[in-house]
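Asker: Just lifted these from TrEMBL, have a look:
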- 6-24: transmembrane segment (TRANSMEM)
- 44-65: transmembrane segment (TRANSMEM)
- 71-93: transmembrane segment (TRANSMEM)
- 102-124: transmembrane segment (TRANSMEM)
- 130-147: transmembrane segment (TRANSMEM)
- 167-186: transmembrane segment (TRANSMEM)
- 192-213: transmembrane segment (TRANSMEM)
Amino acid sequence: MVSADQIRTAVGIIGNVISLVLFLSPVPTFYRICKNKSVEHFSVIPYVATLLNCMLWALYGMPFVKPNSTLIVTINGAGTVIELLYIFIYLLYSNGSRRIKALLLLFTDIAFIAVVAGIILSIFKSHERRTLIIDILCIVFCIMMYASPLSIMKRVIRTKSAEYMPLYLSIAYFFNGLCWTTYSLIHLDVNLTIPNAIELLFAIVQLLLHAIYNKSTKRQSNEGKSEVALSEVNVTH
């Protein structure tokens, strides 16, 4: 008979695969950015927020914080490298205030992780205390990461177009949230349940917006959505 631990392990492995798919899901967006040599109206905030989240979870899985957490380190280490690549591409094809904002956010992420690592290593001596501190930070920044598309969702409602909220990213968020929420509920782990349940909720809202504005998105795209976007260039930051 299959035990709950075996089921949880299987779900965790599936979760790692889905997380990797989620990290790679913006590739079409960045292909478009490279092809057009412009970031257009795409925001850097979701990628900076995801980078911070990955670095925090990678720190959480380190042997000096939570031993025997290899899968956490590997998937979030991979996520860190991928998100850094996205941000560097964004920096390459952005300019002015957008580039400055992206640079400041990137440096803030790196400085924050360095400060957190320094504090937990110098002040907190036990694995339990270190785990607790990183747990709290991970919950806070997971929520921030999953809430980061709110500005894009507002734009979708205002323009009645989901062009700048990629469907594949919303689908990836949905399955990632569903998998990790299930994983956390098998052996109730509140630290995992809270952020992943929130991710699942935001993903459902995004998918509903895609369903509502699907026809108008296609219509605006066919009519030349770029002209509409240019008229709003001073509104979106």
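Glycine is no exception: its Cβ is also placed from the backbone N, Cα and C atoms.
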Asker: For the transmembrane segment (71-93), which stretch among 6-24, 44-65, 167-186, 192-213 has the most Cβ pairs under 8 A?
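Answerer: Against the transmembrane segment (71-93), the leading stretch is 44-65.
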Asker: Need a quick answer: max count of Cβ pairs under 8 Å to the transmembrane segment (6-24), which of 44-65, 167-186, 192-213 is it?
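Answerer: Per the Cβ under 8 Å count, 167-186.
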Asker: Short question: which residues 6 or more past the ends of the transmembrane segment (167-186) have a Cβ under 8 Å from it?
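Answerer: Hits for the transmembrane segment (167-186): 4, 7-8, 11-12, 14-15, 18-19, 21-22, 25-26, 28-29, 146, 192-193, 196-204, 206-207, 210.
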